[in-house]
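Enquirer: According to TrEMBL, the record shows the following:
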ACT_SITE  A:Asp244  active site
DOMAIN    A:21-105  domain 'ACT'
Number of protein chains: 4
Amino acid sequence: MHTYTEEKIEAYQNENKNRARLLIRCPDQPGIVATVSQFLYEHGANIVTSDQYTLDPEGGQFFMRIEFDCPGLRDKKADLEKDFTPIAEKFNMHYDVRYVHELKNVAIFASKEPHCLLELLWEWESGDLMANIAVVVSNHEVVRDMVESRGIPFHYIPANRDIRSQAEAQQKEILEQYDVDLVILARYMQILTPDFVEEYKNQIINIHHSFLPAFIGANPYERAFNRGVKMIGATSHYVTNDLDEGPIIEQDIGRVDHRDDVAAMKKIGQAIERSVLARAVKWHLEDRIIVHGNKTIVF
Amino acid sequence: MHTYTEEKIEAYQNENKNRARLLIRCPDQPGIVATVSQFLYEHGANIVTSDQYTLDPEGGQFFMRIEFDCPGLRDKKADLEKDFTPIAEKFNMHYDVRYVHELKNVAIFASKEPHCLLELLWEWESGDLMANIAVVVSNHEVVRDMVESRGIPFHYIPANRDIRSQAEAQQKEILEQYDVDLVILARYMQILTPDFVEEYKNQIINIHHSFLPAFIGANPYERAFNRGVKMIGATSHYVTNDLDEGPIIEQDIGRVDHRDDVAAMKKIGQAIERSVLARAVKWHLEDRIIVHGNKTIVF
Amino acid sequence: MHTYTEEKIEAYQNENKNRARLLIRCPDQPGIVATVSQFLYEHGANIVTSDQYTLDPEGGQFFMRIEFDCPGLRDKKADLEKDFTPIAEKFNMHYDVRYVHELKNVAIFASKEPHCLLELLWEWESGDLMANIAVVVSNHEVVRDMVESRGIPFHYIPANRDIRSQAEAQQKEILEQYDVDLVILARYMQILTPDFVEEYKNQIINIHHSFLPAFIGANPYERAFNRGVKMIGATSHYVTNDLDEGPIIEQDIGRVDHRDDVAAMKKIGQAIERSVLARAVKWHLEDRIIVHGNKTIVF
Amino acid sequence: MHTYTEEKIEAYQNENKNRARLLIRCPDQPGIVATVSQFLYEHGANIVTSDQYTLDPEGGQFFMRIEFDCPGLRDKKADLEKDFTPIAEKFNMHYDVRYVHELKNVAIFASKEPHCLLELLWEWESGDLMANIAVVVSNHEVVRDMVESRGIPFHYIPANRDIRSQAEAQQKEILEQYDVDLVILARYMQILTPDFVEEYKNQIINIHHSFLPAFIGANPYERAFNRGVKMIGATSHYVTNDLDEGPIIEQDIGRVDHRDDVAAMKKIGQAIERSVLARAVKWHLEDRIIVHGNKTIVF
């Protein structure tokens, strides 16, 4: 017997069994769109949505995301990929083909504050976050129940500044075991080592509880309160080795006023963190994001 | 010597002298994007932005808007249009080519309340509304000064229920005289006859001071107040012969609470009306809107 | 051992053991604020927040909400209420005193679509909705698990047009059994009889899935889609015997565009319904709402 | 004959001839509200709106703003102020009484970019900004016409880093000549000396084109673009001698995406700057703001 979530996921995979996404990045030059759309047409694919962007029109970079339906996709994958190779070479493309029915394996890292973890679990349960939540890792036991009660494996791995490398060794083992494609830091509050970050480049999404670049680092709500701001925010970004400096995916803000003390700001802020992180994660899962330098293109 | 506005417009026209927009509507079938993009490539055009939408993927309607740069556009226009004809015929297209440097001629119809008219004049003065505001027509003298002081012709044409046909005869003459492409009803408050509406089909934009379809017709703020709503809105739409039932282009809302009486609601509402109308007009001027039945596709 | 939710609730009750709210409604006349604030001062109470509103300054209605702290409140309740009686009589007041630590007993009526029920349960679990969720009633079994797994009693009571009175008889019995103060229709989809509504006047909160008064009645998303609106909304209101015509507590909207079909609108709308209903319920629980005729004053 | 603006202002002054505002700040203690409301009652005043706030309930600061109507206010002013003195002394109050019909004299300092100046002039012209715009000062001639054409005196005073003290000497003379109560820096772009700032403490409002404390100082849009933020903002604050560090009055933001280059961000940002500054100025004119340390309480 299937759970509500499993049924939603199966229905999604079935609906999208012929759907794929093509992400392209290359130097701009005439004829790219014509060539790619001709290629798809000849392979019996129908373009569902198409987005493109040229950074600096003259001699710049070209970015494209095409979502297409191709009847009998499963059997055509090998041919599609093989036949696209000469096109990619001609235009000097970096590209990816993603098949929508192949869900990404996701690991969520959490700490003591559960609101961001819970938001992701709720979205997943209701069939609004199409991924395989493979595992949750935390340096606190407090969230174990809410994870395991949903049938998701939970691993308690103590972590702090002093035992960072041991912790990361265990974490990496788990990520490999579950073949994880995406790590979500759901208010994990621990800094990762450069090695770890490098190994999962553009595959780790963090939520920072401020409107970056304001209030980088610790205690942003306290500092927002002390500064007397009239709005607080949250920022979701890919993790790099510069603290809170990675490519921003999404930001949002909420109003506060003089009546809001630090506790009230945290409450208001948590709702913003939840929705900002959930949006960023969904866009990643839908292959909408291309990272370019320290910025994101979100189609 | 040029005014600030004239300078802005000239700069815009110069920057866009090689830019055009292609709007397409046809039955969906494979190969449209490939064919059109190949056509543009062969004519030396570079796609700047491209949007498409398919209504009902199987056997439905296909809509597309492409903005492209084509060096030497002025000299190539005739060839481009001629060479596109067989493509349009093959795919059974309705299509339009619009040249960005050719500004549309706009007539604004106003009544006593000047806020919507003023918003359009301000946007135009600051170089944010790229059109030729050819003429302002009103059934009241009150706005004459604010129009003429900006060097725009003003025509006072009395209008009310009893003299509708005479008024419209005069108005049509003026629209022809100024070769008007777009009529904006900036809170004009008079109903137009079916003949008039038919002659300017999808070329008359109205602003209604409610969140349609709530409060169709007269006195929407009074009725919103009496109903005790917590938000009021405004709706911009193309005019058809069903009152306030034409294709909606844009809507927005603002919060009100129990402290707001009808006068306060009007004040809050006016700000919404201004921005909703200005957005709708800009999208029309940028050829972003395709009307399909009683709906709009806004790219 | 206590659950997370129980701990949050206990902490809240303890923090607010000396806090009360005074809600007043009376004909406007000079001296009300002076008299009431003098009364509170003499009884050792400290005003924490105070809001007032006069409908029609000359000869109109006066509304006030005062939140105050009074050390030793439990022992002073009787005196406070007794001593306030002559003041209430002098000014011809309708008034209520509410003690913050006395949580309201809430019943939630649900049907097949669980999103609004789930939102309330999540808010309650995380300690953000301070009430005693006494019971959930549904005419479908589908939500039983999500209710009972949280330790909340669930009652399945079949209900439809033909068995309305039997169903309501059972429902009333349950409401009495749990001493319910507030009934929340979380997308319950059944119409209540005038008797039922009368018995719980201003104590039944509904969520309607449109921006009222647009799309009163059935299938609002289908109708919104057919009209081609650019925004959809949700409205929370007290239930009266005029369908979707009761006093509005809160409304909100979300943007849609031509790409959104009815299913997409429902998805977008569900998020709006959830947050609008949750806000309305919280305001009711915080005694912020005074109903006046067919409108609400929300302090 | 009166202009539209003059008529609006006269109507406002006439409607509010009996209306005043009382702003209070004092150490918190029991009985303040009771005493003040009793005082107003005894002097025949009717409270229209009342807001209060206590910073740190135990032993903290109490802030209050009361707007009241008092028939025959002009003749009672002296008595009201005299009779309030002992109350102010008893509670150790800082307080102000402001008479609504006495408009504040405002000076606007502008530079080359006119959008913020224009917004204030438009609001004023339409009767939405109730002040006496006494004078506009600029270090550029470019805005002279738009000021003088509205009948407002314009003074061109060259200003830059090297001639700061001479420029300020001339500016101060003008501020005295026009008896200015409020200086608005409408994108003035020059730093003021500590002397100047001290002389007009909490009377100089600036607009900074970023969401402070992000991007303090020069070129915020360039820096926002380089950081790849997904939202840009604007902040209005009172000027202190710490650059962009004064008490924040209002902030707002707008969305940007990867398609927006620096020029597009400036355009989007200008609309935000305009509305943020206009709101901050109106709140100041309506005596809604109390400065406390480096923060504002906005009632």
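Here the Cβ of each residue, glycine as well, is placed from N, Cα and C on the backbone.
Remember, TrEMBL labels are computer predictions, not curated facts.
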Enquirer: Cβ distance under 8 Å to A:Asp244 (active site), same chain, sequence separation 6 or more: which residues?
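Expert: Non-local contacts for A:Asp244 (active site): A:His208, A:Leu212, A:Pro213, A:Ile216, A:Gly217, A:Thr235, A:His237.
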Enquirer: DSSP three-state call for the residue listed as 'active site': helix, strand or coil?
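Expert: The residue listed as 'active site' sits in coil per DSSP, no helix or strand.
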Enquirer: Summarise the model confidence on the domain 'ACT' (A:21-105) as a single mean pLDDT, whole number.
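Expert: Here the mean pLDDT over the domain 'ACT' (A:21-105) amounts to 94.
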Enquirer: So, by DSSP, how many helix, strand and coil residues make up the domain 'ACT' (A:21-105)?
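Expert: Helix/strand/coil tally for the domain 'ACT' (A:21-105): 29 helix, 33 strand, 23 coil.
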